Amino acid sequence: MVVGEWTRGPAIGRGSSATVSLAVDSRSAEFFAVKSVGADRAGELRREQSILCGLSSPYVVRCLGSGVSTAEDNGALYDMFLEYAPGGSLADEIKRGGGRCEEGLILSRARDILRGLAHVHASGVAHCDVKGRNVLIGSDGRAMIADFGCARRVGTGHGGCIADGLLRGGTPMFMAPEAARGEEQGPAADIWALGCTVIEMATGGAPWPQFTDPVAALHHVAFSSEVPEFPSWLSDDGKDFLARCLQRNPRERWTAEQLLDHQFVAAVAASPSNSTPRIPDKDIFVSPKSILDQALWDDSTADTNDTATPTDRVRALAAGALVVPDWTWDANWITVHSGSVAGEDDRATSPEADAGDRYLLVGSSAPAAGSLTAGGSHAHGGSYGDVPSLPIVTAMQVAVMAGVASAFAVVIT
């Protein structure tokens, strides 16, 4: 699909720095999603686009291109066009199943995610935020990996990693021990997160349910000798699969290619549970932006009644928040002429500028004039360059800084 003149519909997802809208191509009448940021955040979206455009797999959401448009306040917007997934997210599917998935569906979804990860890792990329909310279900029932906002380029293969002492991003309860310690974050961390996602499918919740404090949970993940508890009802093959994913030593975890040959997913039999799911109930979800947001993870959805119109079935693709809106066809659609964008290779180069929007930055003194203050948001004019001296927090730093009254926290949202 090549996007030409297109029409923007109502917002279907909204984060602190990006908005995802339903859109339709004026020529082909095909639906797609458009993720938009202000011109001052264009570099971040270009970086995500650059990663997505280097991937080509039926198990990874496709980037359809980019353009520029004009916001309601006449400011410039940078737009990234994405394939839409009318089946919603895997997290939605878990909710529709009453809080957990049957094993046949779990192994089918795990296989699709592994196929996507095998391609992503072979392309020298680590996703860095695998979880149910970042897996979308296509119209044919295929699971696709989405939201590459935390993704990073790494060395090819399972051994490639980011090992510079910086916590790159992700969701704390799904974070691998080495990532929680700030040591490295690469393909092996994605495999750990896949194991956590299998637990999410089997239980309806994130791993480590015994922790209500995300800071304590992150410290436990980083420095204990434990792994998440395996669901007792899973088959022996399912538990063995989890054991291969959830090795605390990243060098002992199986790769995506190896796991595709595991008996748990190698022979997926056709069954009604693997058919295309119905379109999910309306819900709103705000993805955790930092470890301090994780406590809200299980409480940040709101259900409403289904509507019957086909347009209510179009889902958001990739954003920190997902919602199926009440469509207003005659009022909320504006025609946009897509334009080419110069500087497609522009991207942030400093660690802070390359951080994405899931960082917790910690410092021990007041921020410089003009920088973000506690609770500040990039959506209101801040930029990564405002806080170049603040380190990315590690689990050990969280444990120490939590008891220091003089410390302040800046959450990049």
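The backbone N, Cα and C atoms fix where each Cβ goes, and this holds for glycine too.
Around the Cβ of Lys35 (ATP binding site), the number of neighbouring Cβ atoms within 10 Å comes to 26. According to TrEMBL, the ATP binding site annotation covers Lys35.
The feature domain 'Protein kinase' is assigned by TrEMBL to 6-265. On the 0 to 100 pLDDT scale, the domain 'Protein kinase' (6-265) averages 91 in this prediction.
What TrEMBL lists as transmembrane segment is 392-412.
Annotation note: Lys35 (ATP binding site) sits in a strand segment as assigned by DSSP.
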